[in-house]
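Heads up, the thing below is written out as structure tokens.
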Amino acid sequence: MAYANRNQGVFIPYQQLVDLRSLNHPHVTFVHGPPIGLINPRNGPVGPPQFVPIGVTFHRSFHELLIRMEEEKSRSLLQFMAGEGLVPSPEEEIKRKNAIEKLKQIVMEWIKRVACNRGLDERHIPAASAAVLTYGSYGLGVHNSESDIDALCVGPRFATMGEDFFVVLHNMLTSRPEVSEVHCVKDAKVPLMRFKLDGISIDLPYAQLKVMSVPENVDILNLYYLRNIDETSWRSLSGVHANKWILRLIPNTKVFQSLLRCIKLWAKRRGVYGNVRAYSLLLGFFGGVHLAILGAFICQRYPNARLSGLISSFFGTFTFWDWPKPIILQDGTLPISGSAAEPRSFMPIRLPCRPHEYCHSNITKSTFYRIRVEFLQGHTLTKDLLRPDFDWGCLFEPFPYAKKYTRFVKICLSASDQDELGEWVGWVKSRFRSLLVKLEEIQGFCDPNPTEYVDVNVAEPNTVFYWGLQQERSHFLDIKPVKDDFVKSLSNGPTGKITLLVVQASQLPKNAQFDSESNKGYLNPNANLN
């Protein structure tokens, strides 16, 4: 995003500074003068100072040229995103909408059945109502063809979680032919049911409001509905709250959605992203809500910027951010203060809802370092994105694990059948952070690659992980004491087998090796180990 003054000068935010000589355009003339000047344009965005090359004069059309170049780069990025399958087809959109409508119908049938079971007056039963609210990537409009749906069931005061949600609604779902793989996750921080409806995976937590009826279009930001709710319901509501506040605070929804799709693809490809179910979030990498708030923060700072400029500003801003200064969206009413950040967090990101809370984060020294390195690389690649030869593909190159690390910790989890494996893997993932911290104590650094594998040479159902180890510490790592210590933390839960080994990069399966001509090091999910 560039700004012109009355003297034909052009101010370019420092995140987007380019070598103007590389543009090789006749409307740029270089004259003698100091190389860099510092100025804050009167109408510029709130944020870092702006720099202008004083030793450069521009013809009148150069500002229009920069705008056209930014527009062209933005269009090319949108084309790149479409080629990557980030936007679902109309048919896929209809399928998701139909699934949500079916779920709403089931929930309405459920709440009336609960009203009967609870002995409500027959006159009040027809008015009994509950709501289904979507959030997460689907609620923000940034889902793709492979995305699951996060939906929240909001019920009235007489519908309990333990009996009515996890028993009555569960039984109703399992009896439907279009519903499959129904699982109850009762012990999580946010209890939920997980199932597939018409083949679409849905996570459904529950929130109980202290009202007799919940309208289908309930305004969950209205304080009337939030009075005296319990802590579990509040946590269940937090995702919907965050979504609605983000959409309310951003200046341009369409531009924000495009930006968020881009940075999610970047984070996935570079191995610093995982959804709520992924263990990468448990280890301190980004989840969807983290990236949504970071993207909204940039949109607020640069409300008139085009997509290409926002991408450059995203990396420039967070590369030089003074962590642990918190990221806080401005809502125009609440004081913005950095003193309330969680002291234990390396990268505090505040949820935009009341009472103000911070996004859950288990970030460690290793994951903090990895994220900062990726920010820096993104900044290095995009600061000159107006160059004629700039290619968006370079920003989304998958992280080459097998080329970056010479040794890995191989973690193999197995069980007698697939259902037991799912419970076992979930339990181990929830304890992975303690394993990472232990490896950090010994090695100084460990990169927990989020990709999961299946070893076809192991007879039992299994899941395999590879974590990169610091190259400088090349001495042999005795993994047995680390494993013994970690296994102790796995007691009082599901049981299964676990194997920990230190392997060389040369021992990785062939389809996990770095290959510049095929997948360029991208470790494909559920790859077979040959």
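For all residues, glycine too, the Cβ spot is worked out from N, Cα and C.
Just so you know, TrEMBL annotations are computer predictions that nobody has curated.
Pulled from TrEMBL, these are the features on record:
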BINDING   Asp148, Ile149, Asp150, Asp203, Lys264, Tyr273, Gly288, Val289  ATP binding site
BINDING   Asp148, Asp150, Asp203  Mg(2+) 2 binding site
BINDING   Asp148, Asp150  Mg(2+) 1 binding site
DOMAIN    70-250  domain 'Poly(A) polymerase nucleotidyltransferase'
DOMAIN    255-397  domain 'Poly(A) polymerase central'
TRANSMEM  278-298  transmembrane segment
Query - Least Cβ-crowded entry, counting other Cβ within 10 Å, from the binding-site residues listed as Asp148, Asp150, Asp203 - result: Asp148
Report summary line: Counting every protein chain shown, other Cβ atoms within 10 Å of the Cβ of Gly288 (ATP binding site) number 26
Report summary line: For the binding-site residues listed (Ile149, Val289), most other Cβ atoms within 10 Å of the Cβ sits at Val289
**Report entry** Pairwise C-alpha maximum, in angstrom, for the residues (Asp148, Ile149, Asp150, Asp203, Lys264, Tyr273, Gly288, Val289) that bind ATP according to the record
**Finding:** 20
